[in-house]
Amino acid sequence: MRISIKKILDNESTAGIFLLAAAVFALIFSNVGFLHDIYRHFLELPIVIGVSDYKLDKPLEFWVNDALMAIFFFSIGLELKRERIEGQLRHFSQVFLPSFAAIGGVIFPAVIFAVINFSDSHALRGWAIPTATDIAFAVGVMALLGRRIPTSLKIFVLTLAIMDDLCAIVIIALFYSTALNFTYLGLAFVCFLVLLVMCKLKIPQKIPFVIMSILLWIFVLHSGIHATIAGVAAGFCIPINTSRGNSMLKEMESSLGYFVNYVVLPLFAFANAGVDMRGMQISYLFGPVPLGVMLGLFLGKQLGIFTFSWFLIKMNIVGMPDRANFKQLYAVAIICGIGFTMALFVDNLSYGGSDLYHHTDKLAILLGSIISGVVGYFVAKAVGNKPKKGIKNEYN
C-alpha cells in the first residue's frame, strides 16, 4: 500500500490534479451560501507566531501567501541551483532555446495586456499576471500525452518553466516591491551573506541554514521587498555537497517535494482561486483586465514562445529539439499558457485582493489556463507521435 501511494504521488500528473481539485473546491466554497461564510472565516482565521513584542499576528491567508509560498520559492531556488550546477541549465546549448523562448513568453503576454489596458494606470499594475507558466499543470498535461510528445520537448517545457519562474522572481523583485526600509534590507543582506559563508564552508548541519533562512524571511518581509524573494535567495545558498559528503540540497529538495506539491500549492490554490461569481455578469469577462489576462495567457504565451523559438531555429542559431517538429513545438507552446499558480500570485501583488474588477481577473486566470491546457492537449495529441501498442506511458 505504501509503495502504491508513493507511486501515485510521484506521478507527474498527480500534483496537477491536486491543484485542480483545490481550485474547484475553492470555487464551490465561494459560491454556495453557507460554505461562503465558512470559506471567508477560514481565510481570516488569526494565527499568531512569536511572543510579546516579537510576534506576527496575521490571518491565515497571509501565512499561505507570504510564508508557505516562501517555502515554494525556496524549493524553486533549490531546483534552479541544482539544474545550474548538475542539470539542464549547466550547458549553454541546452538552455539557450527554452530561455530565449521564455523571454518571448513573457514579452508577448505583457504587451497584449498592456495594449488592452493602456488607458488605465491601475489596471496596468497587472501586466505581469499572464507572463508565467505553471510547471505542475504543464507537466501534468505533458504526462497525459505520454509518448506522443518526444522527450526533448518535455525537457524543453521543463527548462522553459524553470526560466519562467526565474523571470517571475525578477519581475516581483523589481516591480512589486513597496517603499524600501533600508534598515531591514541591511539586516536581510547580512543574513544572506552569512548563508553564503555557511554554504562556502559546506556546513553539514541543516539547523543553522533553517534559522538563518527564517531570519532572512522576517527581515525581507519588513524591508518592502516581497517576502517570497527570501525563499529563492535562501535556496541558492544551500550547498550541493557538505563537508560530510552528503548532498544537503538534494535532501532538502526531496523532503520538501511532497509538502510543496500536496500542501503548499493546493492550499494556495484553495485560498486564492475562490472567485465569488454570485451576481457576476458574463459581460464582466469582456472588460479590459480579464480580457488582457485571458488573451495574454492563451495567445500571448503561445505566440511569444513559438515565434522566438521559430526565429532561432530558422536562423540556424540552434537546432530543433531532437525528434520534434514545428507542429509539436507549437502544441507545447499552447500548453505553456497554463498560468494558474504564479498568475494568481502576481494577481494578488497587483490588485491586493481587491474586487474592483468583480474578481474577473482571477476567473480570467482560471479560464485562460483551462483553455490553454485543453486546446494544447488536443493539438499535441493531433500532431504528436502515435504511441505503439504495448508501450506504457513513460511517466508511469
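Don't overthink the numbers, they just go from 1 along the chain as shown.
Just so it is clear, glycine is given a Cβ too, placed from its N, Cα and C backbone atoms.
Given the structure is predicted, the values throughout are model-derived calculations rather than measurements.
Per Swiss-Prot, transmembrane segment is recorded for 15-35, 60-80, 96-116, 126-146, 155-175, 179-199, 207-227, 255-275, 290-312, 329-349, 363-383.
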The transmembrane segment (329-349) in contact with the transmembrane segment (179-199), cutoff 8 A, at least 3 CB pairs, sep 6+: no
When counting Cβ pairs under 8 Å to the transmembrane segment (207-227), the leader among 60-80, 96-116, 126-146, 155-175, 290-312: 60-80
Positions on the same chain near the transmembrane segment (255-275), where near means CB under 8 A and six or more residues out: 9, 14-15, 18-19, 21-23, 25-27, 29-30, 39, 43, 60-61, 64-65, 68-69, 71-72, 74-75, 78, 136, 340-341, 344-345, 347-348, 359-360, 362-363, 366
Contact call for the transmembrane segment (96-116) and the transmembrane segment (363-383): at least 3 Cβ pairs under 8 Å, seq gap 6+: no
Among 15-35, 126-146, 290-312, stretch most in contact with the transmembrane segment (155-175) (C-beta, under 8 angstroms): 126-146
Sequence-remote partners of the transmembrane segment (290-312) [C-beta within less than 8 Å, at least six residues beyond its ends]: 96-97, 100-114, 116-117, 123, 126, 129-131, 133, 160, 284, 318, 326, 329-330, 333-334, 336-339, 343, 357, 360-361, 363-365, 367-369, 371-372, 375-376
Residues of the parent chain within Cβ reach of the transmembrane segment (126-146), under 8 Å, 6 or more residues beyond its termini: 11-17, 19-20, 105-106, 109-110, 112-114, 117, 154, 157-158, 160-162, 164-165, 167-168, 171, 175-176, 261, 265, 289, 292-293, 295-297, 300-301, 332, 335-343, 346-347, 350-351, 361, 365, 368-369, 373, 376-377, 380-381, 384, 387, 393-395
